[in-house]
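Taken from TrEMBL as is:
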DOMAIN    390-466  domain 'Signal transduction histidine kinase internal region'
TRANSMEM  160-179  transmembrane segment
TRANSMEM  191-212  transmembrane segment
TRANSMEM  218-235  transmembrane segment
TRANSMEM  247-266  transmembrane segment
TRANSMEM  286-307  transmembrane segment
TRANSMEM  314-333  transmembrane segment
TRANSMEM  345-362  transmembrane segment
Amino acid sequence: MDLTEVHYILGDIERFPDGRYNFPSTDSFDWPKSTTYLDTDALLRIAASEIIWFRTEEINTKINPEDYTLITHNGTNFEIYAEDGNLLYQYKKNPLSDEVPEYHELDYSWVPIGKFPSKRYYIKYFHGKNLLFNIDLVQNMVGPKDEVLVHFAKSNLTSLYTHSFFVVIGIFTALVYLIQFKRGYHALLDFACFTFLIGIIGLTSNQFIEFISYDRNAIFIVSTICANFVFIPMHSGLRRLFPDDRYHLLSILIFTNLIIGLINIYVRLHFNQSPILLEWILRLRIFYLIFAILNFLCPIYVAYNAWKRGSEIGLGHVIGFSITLVLVAIEIYLSFQDQSQLRSLAYWGVLFGVFAQGLALEKQIFSHRTKMIEFEESLLRAEKALKEGQLKALQTKLSPHYLFNSLNTIHALHLTKPNLVGEAIIKLANNYRFLSDKAEMDLISFEEEWSFVEDFLHMQKIRFFDTVKIHLTKEGDFSQVLIPPLTLQPIVENAFKHGFRNSSSQNWLVEVSAKSDTKGNVLIRIADSGNGLDANLEENQEKIWSRSLGNIKARLNHFYRFAKIKISANQPSGLVITIHLENLQENALRT
């Protein structure tokens, strides 16, 4: 049985002499159909008439004497009559006066429809002039009270459970954000607010919650506030997920939703207090529909652009919001067509959007978490390498062997080339000054590291004299380049310590070159003509990476986003170590 399809006329109906209403005389009247979406002029005419009659379609189902129907109403007093003119039910806010309820004063009434079974029912509304009202048949059901109530409760359980789940998810997610606050998962807080608001909106608009509530006015206010701010955390979360929004569409939507939301809250709480305000809000209904669609169109556009730029979660958001937008558009269309039996598509569309955004956020957080773990592991390796490097530097500073070789070299110079003694002492002093002042710093200028290598090689040249040739070349601007201390010198030292050990050649060669281009790329190459690696190159590389070169690699990877270090064989013999630092002009340093 369908009691929802009704027609209406404005003004009162004439009465019989006995005082009963003459309903048969209205059969010749033009009864316009009351649809879900009435045009603005029709609504204004209804608001201007203090008395409106509604008539149900003919009822073919048998109605029993114990049957009731449950209706919800606000902003009106009303009377319900059977077709024969008998008064079936009367509602007045105040039985002693004609005071009309406010629009936000929602109430429920049990109507004993079986008291006077009828083919049609007539409802007379009394409301404030130029003010709107609402009345709705709950669940479109007629039957004994217990059956109607059970059906009413069961039909609302799915929505009740779903939105309660969203509230719990919102609270739980907010707690996770607070616990992990230092990690900066701000998108998690946006998602928590979004799901919490969706849940509260669903609970406060649940008819069964309204029915059992003692303070329906508070529910109306909470629902109004949440409904007008729900898009803000959604757009804020998307802005964090897709920060490269060229036109700042999401920021504009957040600001616009905030302004329109505040206006809407005021209007919804006061629009039935002013005929002018009522007319203004009714004529702007199409604007609100367009704005609601924009709240989905803009995220689709932003997510699509992010996907085109390589975002892994962009496509999922495009699909999710597109499906939601289509369902919302269908819901709006059905409202115009008064297809109420097919409605609530927007409800499922929004739920789908919530799940889609939640899955995308979970994927991003998991990815971020993985990167954080990798970064923490890199940090531990770098700290270990740094401590080992500092320990090695300290050992070098105090190494009697290093000092003994250097002093022996200076003593030999005193006997053979006394004019070079002063320069050798200065180079040795520079080496120790660097180790004392710079070795424990995180980063130093490339020029300082280069000067240290020059002084070290100068001492080695004096020591080995004609048996070694040293080539140092530097090309480009290194004034803005930073590097961990003791990055180059240990590699050069390895050439003398290991590369030339047990070598039969007396013509050793060490080449150190550095090149910087205009794009901020730095290429450093250290080559020697020593023993090199044997045929089992991979095994030897593992040993090398586990020692000093591994420390250097760990420190470079810790401080630079784009750092590569490579070992290769030199021709005809020896070893080549290549260090490549990329994009130093684009914030390549980790912070």
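Counting starts with 1 at the first residue shown.
Any Cβ shown, glycine's included, is placed from N, Cα and C.
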CB contact flag for the transmembrane segment (218-235) and the transmembrane segment (286-307), at least three pairs under 8 A: yes
Residues from the same chain, set at least six apart from the ends of the transmembrane segment (191-212), whose C-beta lies under 8 A from its own: 70, 72, 106, 108, 138, 152-153, 156, 159-160, 162-171, 173-174, 177, 219-220, 222-223, 226-227, 229-230, 233-234, 237, 350-351, 354, 357-358, 361
Mean of pLDDT values spanning the domain 'Signal transduction histidine kinase internal region' (390-466): 75
